[in-house]
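All remarks here apply to the structure that follows.
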């Protein structure tokens, strides 16, 4: 006679409530598949002459998807670059780094560990277009960012020092000295030809 058909999970877990199964057509339907649906399933068919079991394994995969990407960086000469990118997926994605389209590898100064790139003591040649690549066997995704290393002599044009300050005797005077410079400028003060040194006043 036509067998009756039932379904179950081989691991003993009960079938999710969302799962629909047609006992007469022997069809099991799992909508909106999630990671927890992965596992072994059994189709049990039986009639008065006996029963038989067919088993199937369901594997769930996920394409790589960015959780954290890199952003453009404009840093001074001798600064440290720290970039981190993170991706989720199944199997877990692994990472590669490219600079101007060429593979970037760990060396004495450049440190690469999974989705992390660290370059201390930047020099002008470090400028370029970088890519963090995350991939598993199902897909490859890219995150792009530009690194621009800036070197500039001290410039007072944006924050000029006051030409004149008037203050009453016993008052307090503040003179700002904030030139734009890359790397950060070393600042010294003079009164006339005399080098000023810090003291109680």
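Backbone N, Cα and C atoms are what each Cβ position is placed from, and that goes for glycine too.
What TrEMBL lists as domain 'Ig-like' is 1-54, 64-148, 154-201.
DSSP states for the domain 'Ig-like' (64-148), grouped as helix (H, G, I), strand (E, B) and coil, give 3 helix, 52 strand, 30 coil.
Note on the domain 'Ig-like' (154-201): DSSP counts are 0 helix, 9 strand, 39 coil. Residue counts of the domain 'Ig-like' (1-54) by helix, strand and coil are 3 helix, 26 strand, 25 coil (DSSP-based).
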